[in-house]
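Let me begin by presenting the structure, written as structure tokens, before commenting on it.
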Amino acid sequence: MPPRAPVPLSPQDTQALIALAQAGRWPQLEAQARKALGKHPEALLLHNLLGSALNEQGRHAAAVLSFQRAVQLAPQAPELRFNLAVAQAAAGQLAEAVTSYRAVLAARPDLTVAHYNLGTTLQRLGRLDEAEAAFRAALAQAPGTVETLGNLGAVLQAQGRLDEAVDHYREALRQRELPRLRHNLGTALRSQGRLDEAAEAFEAALRGAPEPALAADTHTRLGETRWDQGRVDEAVAAYRAALALDPAHAAAHYALGVVAFDGGQLEAALACFEQTTLHDAAERRLYALYKLGRTEAFRSQLARLLAAGPHRAPLVATLSAHHAHEHGLPDPCGFCPEPIRAIHHGRLDALAEPDSPLRAALLRDLREAKIAERKQGRLHHGVQSAGHLFKRPEASFRALAELLRDALLAYRAGLDPALGVYARDFPAEPVFSGAWSVAMRRGGHLSAHIHEEGWLSGVVYLQVPEPPPGRQDGAIAFSLDGDGYPRQRADWPETVLQPRAGDVVFFPSSLFHRTLPFDGETERICIAFDLAPA
């Protein structure tokens, strides 16, 4: 006897299931769909409806299985593949979702939402060039769509294309005022060093009554901007506003800790950093313990940090090296056992020529570009630029970044493996986490400090006053000691380099460095930068 043909769903059952979906009664729809599948296991509609019910209830992995069965039953239906892609993305199956969206678009290139969703999925994967292409395809079909403009702006910002990102955020805001867009605009403007405009954007976002989580983030970003401007009281007020909305807000606790840390209020800083694991909070707790003279607590905390394996934080390396030298002990850290040997003092030929066009362009752009000043407590008789110079549109800054990348690759190739973790894990591809200018006038100097968030730090010298014979005016000095660390020993050797225009200096970010005061009418102008850890 031939097999019996499957019994189709009755029109009444179909309508009842669709009515449950339209009413958003997802648990009931799931139950009814499962029951019906017992009688109709090959019913395409049932697998699709069950997938929708599961997805809407947050059970995304189970929804994927239902949609996959629906696609098996009707492989030529792009709508079913679209549902599968949505569930895969929600389940965190991002690579699979990309494949599904591309299959949908092969059949339906006019489906704008598929281009948009493909863009957001690629964005989550960090595949920014592909995400940009997907968002641009969506905009070609639906120009002026706010969500697409905003996401494209975020992709461009992540690529360091800040001018384009700002333009897209502003275009989206002309269509609709949204707090998230204002917030993102503020972050891009701050990265450009346009601090007044960034603060205005954050304040506008807050006036838009954002939901509490975004409001707390925006207060924190506003506080960071006020901190950059040197408006400390306003920064603290903004951080406290964030904590009023979210008492556990990690970034606000961290930022308040930085304020206390910078002001030498170590007990207060310690309390703030104990509330968060963000960034280098654990390392800053270690710093506070050391400077407070709590030697046993410091040693215990240092041992815990180092027990996790070779440590990659410059601040830990600095503290460990100082403590070891002060007490005549071996340094257990191993980040960079002999940081003085890792200093490189060289020349960039394109800047060292007497009439270097690039050096002239850099000096002109620093003078004429609208870059806000960032307040820097360690800098005396000078100004520091805000934002990230290498993310600005001026061709001179981008040309300098390329020169430095080549020089850094050559430096990396010559590193002695005996320089520990610093050499072993040196980034294979240089990525600059920050770049800023420092211009000093007569009497200018920078007190000893390290760069806690870098791996390597460096300085390019554009204009340097000629020191008097036998003097070291305007030189850069390196040591294991600085920042008022507690010490009894007097033997803290210092290495001093006298730079000239066109010189470049690289050194581990864990190494204390300072600038010696100088006398004269010529400004001392340089660009400093940090290389991000790998």
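Note that Cβ sites are derived from N, Cα and C of the backbone, with glycine treated the same way.
Annotations in TrEMBL come from automatic prediction, not curation.
As recorded in TrEMBL, the features of this protein are as follows:
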REPEAT    44-77  repeat 'TPR'
REPEAT    112-145  repeat 'TPR'
REPEAT    179-212  repeat 'TPR'
REPEAT    216-249  repeat 'TPR'
Composition by DSSP (helix, strand, coil) of residues within the repeat 'TPR' (179-212): 27 helix, 0 strand, 7 coil
Within-chain partners of the repeat 'TPR' (179-212) [C-beta distance under 8 Å, separation at least 6 from its ends]: 146, 150, 153-154, 157, 162-163, 165-166, 169-170, 172-173, 218-219, 221-222, 224-226, 228-229, 245-246, 370-372, 374, 385-389, 391-392
DSSP-derived helix, strand and coil totals, residue by residue, for the repeat 'TPR' (112-145): 28 helix, 0 strand, 6 coil
Counts by DSSP class (helix H/G/I, strand E/B, coil) across the repeat 'TPR' (216-249): 27 helix, 0 strand, 7 coil
